[in-house]
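Heads up: the structure comes next, in structure tokens.
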Amino acid sequence: MSNWSINDARTGYNVNYWSQGLYGISDEGEATVSPDPTRPECSIGLNELAKDMVKSGVNLPVLVRFPQILHHRVNSLCQAFNQAIQKYQYQADYLLVYPIKVNQQQTVVEEILASQVEKEVPQLGLEAGSKPELMAVLAMAQKASSVIICNGYKDIEYIRLALIGEKLGHKVYIVLEKLSELKTVLEESKKLGVTPRLGLRVRLAFQGKGKWQASGGEKSKFGLSASQVLTVIESLKSEEMLDSLQLLHFHLGSQIANIRDIRQGVSEAGRFYCELQKLGANVKCFDVGGGLAVDYDGTRSQSSSSMNYGLTEYANNIVSVLTDICNEYEQPMPRIISESGCYLTAHHAVLITDVIGTEAYKPEDIQPPAEDAPQLLHNMWHSWNEISGRADQRALIEIYHDCQSDLTEVHSLFALGQLSLTDRAWAEQVNLRVCHELQGVMSSKYRFHRPIIDELTEKLADKFFVNFSLFQSLPDAWGIDQVFPIMPLSGLDKAPERRAVMLDITCDSDGTIDQYVDGQGIETTLPVPAWSAESPYLIGFFLVGAYQEILGDMHNLFGDTNSAVIRLDDDGRTNIESVLAGDTVADVLRYVNLDAVSFMRTYEELVNKHIQEDERANILEELQLGLKGYTYLEDFS
């Protein structure tokens, strides 16, 4: 493609849309990051960054974090709500609460909190959904607003720890998820001499659409029904503690793609709020929960990997709907809280790793079948020879279908012992040749060709074997078909010569990425420069900062990857601030209660028994290094 330009690459990978200006492709065809969006001219080439890290001893794969992106996301979200509050003359403020379940890494939480250091009035709190998370936020929330929201199921210990948080100077909202929690909170608060701050999670009738819609609606796992809400009100009145009810919470589900769903949910919850006020409650906070989506594919659509709205529109809709309802009921306007973890963290992290090998189809010379060969083979040979002579575009479809049908029958006859292995191999090669040549003559300008072109593209795509575990680093791609943008880190200034699928190094056929972002939406293959064994070929997996680390598992005992924190200094220079080593083999063995020390003793016994004396020291050293080594492949970095 002689007229290829760098803008074609930017369009082909849709990077201008899913990246929101944080990632890009340089004029030299290198993938870049702009860690500090206030200085877009200070971009970092990811390919060179990865090579520098490898030279310094950091093996691939490596998860690269850009903390300045976290700061930018916090400030952007707060600014959007602050502007909406001013625009609609809303009579209360906004608080952003980070649910640490999205990414509990210390570096991430501390950087999110650090974004508020220079704020005169911090607009950031933390959310916990379990006892371990609560213990973490009790030690960190004072670095921002000291607001803590406690969600999830709660036992006595959880509730007491939350109440102790009040004694430590925090503002801890205990959100009632079940009716039975109220009694425990009231009893333990009296024992500790603490006035609790209570919240109610209401179960809305409306249910947002998407993969996580089950977390909202009448059948959701959490929340109180309308009648249960009234029971709580009566119980608090009887205890003369109605003033303790200070927060209303609801959750439509994560990754809400349609802004109309958000408007409708806020509208229903807003009426809950006003009705509670009419009953004498003094609710001060309106917590819209999560739902703010991330546009993973950059299509700005209602797909489950996208969103049909922007940040300003999101804030404006919530503020305007709540303003109108409060004015209608003549009730005071509550502080607005949102729990937007994915929006804050997804963009800040990139997984960088290397392609360790490929498998690609290359046309081979094929001899015609022998005269006495089975008729099926002659049919396939005839189909191949028919391609070049067919001017009728619809006839090409017939050739394709005939050849696929014949190949299926070949496989059946081979399984019955009626065809030889040589016959089968010949038929498979002819079929690939037919597919290859049809791919060259079919055209997407014919609508009836398009489905077959898609099939051929997928069938003939190269296989890229990539040094990572899908289950450890991109578990959502496997578990829920989540789409993540993927790009080669260099060579993008030239037209892509191949299309490929990415396969990980686990011994599992599910370790394959099935969906790829491109300029047309979601495809089953990715356009890529040709691979060469002569030089490193690096791939970036983008927007992996939300949930992926904590959800990742150790399939085949591939452990945590190396990680690094990268920051731009005041002069625009790139600083590798810290590197956290990934799991060693000994680490992952210990996680599954296998003892590397006892293994080493066993190795020594076996070496002494089976290895000649002059080799023993070297063999033992290799075994020891194996236990200390990285769980991923190291020879290719």
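Even glycines carry a Cβ here, placed using N, Cα and C.
Note that the structure is a prediction, hence the values are computed from the model and not measured.
Straight from Swiss-Prot, the features:
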type	residues	note
MOD_RES	Lys101	N6-(pyridoxal phosphate)lysine
BINDING	Phe286, Asp287, Val288, Gly289, Gly290, Gly291, Leu292, Ala293, Val294, Asp295, Tyr296	substrate binding site
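All features noted in Swiss-Prot, drawn onto the structure.
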residue	record	DSSP (3 states)
Lys101	N6-(pyridoxal phosphate)lysine	helix
Phe286	substrate binding site	strand
Leu292	substrate binding site	strand
Phe286 (substrate binding site): tally of other CB atoms within 10 A of its CB: 24
Integer Å distance between the CA atoms belonging to Gly290 (substrate binding site) and the residue listed as 'N6-(pyridoxal phosphate)lysine': 12
Other CB atoms within 10 A, centred on Val288 (substrate binding site): 24
Binding-site residues compared (Leu292, Val294) - the one with the fewest other Cβ atoms within 10 Å: Val294
Number of Cβ atoms other than its own within 10 Å, given for Gly290 (substrate binding site): 23
Sequence-distant neighbours of Tyr296 (substrate binding site) in its chain (C-beta under 8 A, six or more apart): Trp18, Ser305, Ser306, Ala346, Gln482, Val483, Phe484, Pro485, Val517, Leu543
Surrounding CB atoms that lie within 10 Å of the CB of Lys101 (N6-(pyridoxal phosphate)lysine), all protein chains: 18
